[in-house]
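Notes follow the structure.
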Amino acid sequence: MTKDELTEEESLSGKDYLDPPPVKTFEVRELKKWSFYRAVIAEFIATLLFLYVTVLTVIGFKSQTDINAGGGACASVGLLGISWAFGGMIFILVYCTAGISGGHINPAVTFGLFLASKVSLVRAVSYMVAQCLGATCGVGLVKVFQSTYYNRYGGGANMLSDGYNVGVGVGAEIIGTFVLVYTVFSATDPKRNARDSHIPVLAPLPIGFSVFMVHLATIPITGTGINPARSFGAAVIYNNQKAWDDQWIFWVGPFVGAAIAAFYHQFVLRAGAMKAYGSVRSQLHELHA
């Protein structure tokens, strides 16, 4: 269907797009489809590659700026380079996997989409497990290939930086994840996609750019989590007490941020609550007519 060919339902509602129906919470029939397992595998591989490239970049940055090892600030990629590595990999991997799994690569994104009824509980849990396993394997490969530098430079693990309290750390993770998940909702909004055929193709770009911008802002505070799988995988392989003590920050913050973004987009910007209220009023009116 082209944008100029409206169905009778669309004409009556005055809409030139169709919202996809909400996904059932318990959609067990997915377990019988190969496309489901293909999507889970895609999430595993994408998260593995994401952690492999980004953690290598972080360790390379720290080794190049280590004065004791003959490095210097001008010899490294800097925070800008690290941010580009994270944002660039998200752009690449979302572009590659969007048509297969939706390109989540992040339990917080999956959680936000689940709350918005975009994915089922079965798919959400499976994605999160695959993402955490992929992240762990990705960091494991980094340790194998960079065994000399891995433990010396912190293993790319997320930890609350000195001088910041827990509240600041959690707040940074909440706001950072809100920016990311809000961008995901906006970039994949069917209303916007219906009006511009280029939007679906370009969606990975703003998503990756949001990751880049959030990293610039929050690397000094928490090292930037906004992705529980990224934080979990690094903590498992690095296995440092402080990394484990701070681990909850990188789950609570992102999940709260994702929940707020889902609520804001669905019930404020898309007026989900008003639509539901209007539907109930219409049904009650028909019953009493």
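Each Cβ is built from the backbone N, Cα and C atoms, and glycine gets one as well.
Identical topological domain names are assigned in Swiss-Prot to Arg123 and Asp189, which places both on one side of the membrane. Packing against the transmembrane segment (249-269) from elsewhere in the chain are residues 106-109, 111-113, 115-116, 158, 160, 166, 169-178, 180-182, 184-186, 189, 222, 225-228, 231-232: each is 6 or more residues past its ends and has a CB under 8 Å from a CB in it. Under the criterion of 3 or more C-beta pairs below 8 Å, with sequence separation of 6 or more, the transmembrane segment (81-101) and the transmembrane segment (201-221) qualify as touching.
The transmembrane segment (166-186) shares more Cβ pairs under 8 Å with 201-221 than with any other stretch in the list 39-59, 125-145, 201-221. Non-local neighbours of the transmembrane segment (39-59) in the same chain are 77, 81-82, 85-86, 89-90, 93, 96-97, 100-106, 123, 126-127, 130-135, 137-139, 141-142, 145-146, 149-150, 153-156, 229-230, 233-234; each lies 6+ residues outside the stretch with a CB under 8 Å from one of its CB atoms.
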